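Colleague: Sharing a structure with you now.
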């Protein structure tokens, strides 16, 4: 049994499914999707920091005295079709999904008895959005279902009172945050608990180790659940299950512990923004690059989308997800279930990232631009004459190659028209017997 100490909890082996999955989709959805302006931190920027664009947006478009709580009934979700979401997630090639069950605004997407009149069953959609998505994902896909949960809430009076007491009192975690965590685990059995938002309070205030000991010892998901590292001030990149370290974390090198790069297709926001421009969205080439770099360095990619207040996945997000799914259809063997190789990227040619498929003993070289010369030089592999074979994923015939002394090789790529290429944004060479 795990003790409620970091030494004990950090020694728990991460369930194997998480490392094998490699790619998940993050969904930021909540009351912030109603103003859908600037950022999911809308309430904070408007009311606390009083940032000019936010204040002006409210003054121009809403009546005097309009409060953030007034957005609650406008979070309607009338177009939310959980089956359609599940099908898009499946087609993306993702192996897990993480939904924001509650962001820093405190609004829960399930009918929490600890969030009276500030949840999706009492206000707005009048639906249990967590239950609906969980059911559809489990019925229609093989994705693992996970939940994001914010420990703190910006304007909750109990949290503000504890904060003013330098966290010597613990009214908020004992009456709100911890009961919610136990509630979502017992009710929805998520296989990922993605914690966030410590409010600068230590893990002892949140009793994170006590909750995690229960989660790992006695909860209904004790054998399969994975957790991240955001369990109180100072725990990030130091304690918990896998490390996230910071948003959009991409170290470009191997780490000693399993890590995740959580990033967002919209460079400037996690929630949906009506004021986004096309140039704010990462192109599919950027996403393939992020995935290749992340997986080669031993990480998982958690790629975020923001649905609208009425429950639609905007078509630009759907397109990116389906494009990535089409890419993984061809190149998935170089991603799923792989391990880092002895070299993460190539020394001779930039933009080449390696993964290793242990079962087949295959080295995968993912290259992000097709060389004009039609030949690709690799500085890392040590080929064996008469034994090493080179294949292009999605193409039938073996490729010709020559060795460059002790280490390195030059590979002749097939001459293909754009229509004949197995995919359009990044390709995989599969090397055996090197």
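Every residue number used here counts from 1 along the chain in the order it is shown.
Using the three backbone atoms N, Cα and C, a Cβ is placed for every residue, glycine included.
Keep in mind that what you see is a predicted model, and the values were worked out from it rather than measured.
Copying in the features that TrEMBL gives for the protein in this structure:
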DOMAIN    1-333  domain 'Glycoside hydrolase family 29 N-terminal'
SITE      262  site 'May be important for catalysis'
DOMAIN    344-432  domain 'Alpha-L-fucosidase C-terminal'
Colleague: Counting every protein chain present, what is the number of Cβ atoms, excluding its own, within 10 Å of the Cβ of residue 262 (site 'May be important for catalysis')?
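Modeller: Residue 262 (site 'May be important for catalysis') is surrounded by 23 other Cβ atoms within 10 Å.
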Colleague: Average the pLDDT scores across the domain 'Glycoside hydrolase family 29 N-terminal' (1-333) and report the rounded value.
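Modeller: PLDDT averaged over the stretch: 98.
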Colleague: What are the DSSP helix, strand and coil residue counts for the domain 'Alpha-L-fucosidase C-terminal' (344-432)?
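Modeller: Helix, strand and coil residues of the domain 'Alpha-L-fucosidase C-terminal' (344-432) number 0 helix, 35 strand, 54 coil.
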